Amino acid sequence: MRRVLTAARMRAADQAAESRFGMPSPLLMENAGRWLADAARELGTTGSRYVVVCGPGNNGGDGLVAARFLHISGLRVTLVLVGDRAKLTPESQRNLHALEPYGLHLPQPLGEVEARAGDVVVDALFGTGLTRAPAGEFAEAIQHMLCWRAAGAKVVAADLPSGLHTDTGEPFTPCVEADLTVTFGFHKQGQVLEPGATLCGELRCVDIGIPPEAVTPQEGRELYFVEESDARGAIAPRRSDTHKGSYGHVLVVAGSHGKSGAAAMSALGALRGGAGLVTVATRSEVVESVLGHAPEVMGWPLERQGPLGLADLEPLLEAAEKKDVLVIGPGIPRGDETVKLLGELLSRVEVPTVLDADALNAVATDLEVLRRAKGPLVLTPHPGEMSRLTGVPTKDLQKARVEVARDFACTHEVTLVLKGARTLIAHHDGTVFINPTGNPGMATGGMGDVLSGVLGALLGQGLKLPEAAWTAVYAHGLAADLMVARRGRLGLIATDVAKGMCNVWTRWNR
Ligand SMILES: NC(=O)C1=CN([C@@H]2O[C@H](COP(=O)(O)OP(=O)(O)OC[C@H]3O[C@@H](n4cnc5c(N)ncnc54)[C@H](O)[C@@H]3O)[C@@H](O)[C@H]2O)[C@H](O)CC1
Ligand SMILES: [K+]
C-alpha cells in the first residue's frame, strides 16, 4: 500500500529527510535527476534528441541533473531554461554550473528547439511548487511540449506533468500530457485522481532517499494507493481440506419484476468471487428467472407482492439465519416502507451487510438507519446515489470525492465505496484508499451489481473491512482490465467481468 501525499506533506518530508535523517536536498536532487535520466533513456534511443525543459525551481534542478547524466552517457541533449536565471533556486544554480564543463550550460531559446517522433522531452518545468496557472513563457513552454508530443516525441515528466495541481488532480490550462511520470519519494494526490492520473501516463514512484519515517503520520486522514500486491495478498490460498461451507454463505436480497437480472448479476459476482454458497431472496415471481441465470444459486421466495416493506421482515430474518453476509439492493422493489424494513433488519442482523443500488436510495430517506446497524456496513454508491445520500449535487461532490467520501464514512461509521474513475474506499477511521484498476469499458449496466456480489463473497470468506472492500474493487476492476487487454473496451458487459474474475484468480494463483 503506497501512502499518497499532498504537496505540503511532501515538502515537510523533504525537509525532515535533511533535518532528521541527514539526507541533504542536493543529494535528493542528484538521485531524482538520475532516475529521471534513466526513464528518459527508456523512452528513446541513442539516436534520439533529448530536450530537457527546466523551470526556475527544484523541479528544474531535477532536469538539470538529468541533462548531465544523459550527456555523460553520450546522448544528444538540448537544454531549455524557462524563467529568470537569476531566480533559480540554489540547488538549481549549482546544477546549472555543473553543466559548464560539458558546454551544456548555454540553453537554447525555446523557439529554436524542435522535437519530433523518436525524440524524448523531459518536462522539468514545474513540480509540487506550482501554485497558479502557468502563464507567459511558462505556458508557451507547455504548449511547445504538447506540440512536440503531438508530433510523436515521448514525454517524461519530472514528479508531475507541468500544469497539474499536485493535490486535486485538476489541470491548469495548459498542462503537459506525459507518457511517463517519474515521481519522487511518494505518490501525490493529483497523480492518482482523475484527470491527473490520465495526464501522468504511466506513473512510476522512485526512492530518492527520503525515509518513510520522514512523513508525519496523519491518523484519520491518510490516503493510500492500492497496489496489486496488496489485493493479491488479501486473498488466502485455498487449503485442500476445505469445502463449500468454508467459504461463506452469501444472502443476496435483490431483484424484482423486470429486474431479475440485477439479482442474477449480484449472485454471479458472489459465486465468481469465491463464495461457498449463494442464496437469492427475491419476490416469488422472480425466483425462477434468477435461478435460470445460475443453477448454482439457491432461491428464497418472498411471497408478497410489491415493494419491500415491514411485512418482509420475518421472512428475511429467517433467510438471514446461518448466512455470513448480506448483499441488499440490486433491483429491489423499493417503496416508502423499504427504509423502515432496512432499519429493522440491520438492527437485528450481526453479519456484515453490503448496501447497493436501491437500498442506498431507500437509506437516503433516513440516514439514521445506518446508526442502528448491528453489523459492519459497506455502502457502494455511484456518484448519483452519493448525491442522494449526501444532498450534495453530483458535479460538486465529484470535485471533492476524497473529502465527501471520508466525511460520510466517518459521520455514519460505515465503509463507503464511492465508485467512478478512480473508485475510492473510505473507512470510518478516516482512511481513504484509491483504486487504480478499471476502465471506461465498465460504463455499462450491471457492473455495480457484480461488484456488490464480489464484495459480499470476500466478506463471506472472512475478509474484514476496509480490506475486503479495496480488494473486491481492485479485483473487479482488474478483471475488466484483463478482458479489454485482449479485446475492445466497447461491448464489455457485466457478466463478462463476473466470468473474468477467474482470470484474476488465475493471475494471483488463487
Ligand atoms: N520532494 C522531494 O523530496 C524532492 C523534490 N524535488 C523536486 O522539487 C520540486 C519542487 O520544487 P519547488 O522549487 O518547490 O517548485 P517547482 O520546481 O515545482 O516550481 C517552480 C517554482 O516556480 C514558481 N511558480 C509556481 N507556479 C508558477 C507559475 N504558474 N508560473 C511561474 N512560476 C511559478 C514557484 O516559485 C515554484 O517554487 C519537486 O516537484 C521535485 O521535482 C527535489 O529535486 C528532490 C527532492
Ligand atoms: K514536471
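Don't overthink the numbers, they just go from 1 along the chain as shown.
Just so you know, glycine gets a Cβ as well, placed from its N, Cα and C.
Please treat TrEMBL annotations as automatic predictions, because they have not gone through curation.
Note that the structure is a prediction, hence the values are computed from the model and not measured.
Matching N59, N95 to the K(+) binding residues that TrEMBL gives (D123, S162) identifies N59.
AMP binds K419, G420, A421, R422, T423 as TrEMBL records it, and from the list G391, G446, G448, G453 the residue named for this site is G448. Counting only residues at least six positions away in the same chain, the Cβ atoms of A124, L125, F126, G127, T128, G129, A158, D159, L160, S162 sit under 8 Å from the Cβ of N59 (K(+) binding site). Neighbour counts were taken as the number of other C-beta atoms within 10 angstroms of each residue's C-beta; across the binding-site residues D123, D159, the minimum falls on D159. Within 10 Å of its Cβ, the residue among the binding-site residues G61, G420, G448 with the fewest other Cβ atoms is G420. Among the binding-site residues N59, D123, S162, H382, G420, G448, the ones whose Cβ sits under 6 Å from an atom of ligand 2 are, in sequence order, N59, D123, S162. Long-range neighbours of H382 ((6S)-NADPHX binding site) (same chain, six or more residues apart, CB within less than 8 Å of its CB): K419, G420, G448. Among the binding-site residues N58, N59, T131, S162, R422, T423, the residues whose Cβ sits under 6 Å from any atom of ligand 1 are N58, N59, T131. N58 ((6S)-NADPHX binding site) has a Cβ environment of 28 other Cβ atoms inside 10 Å.
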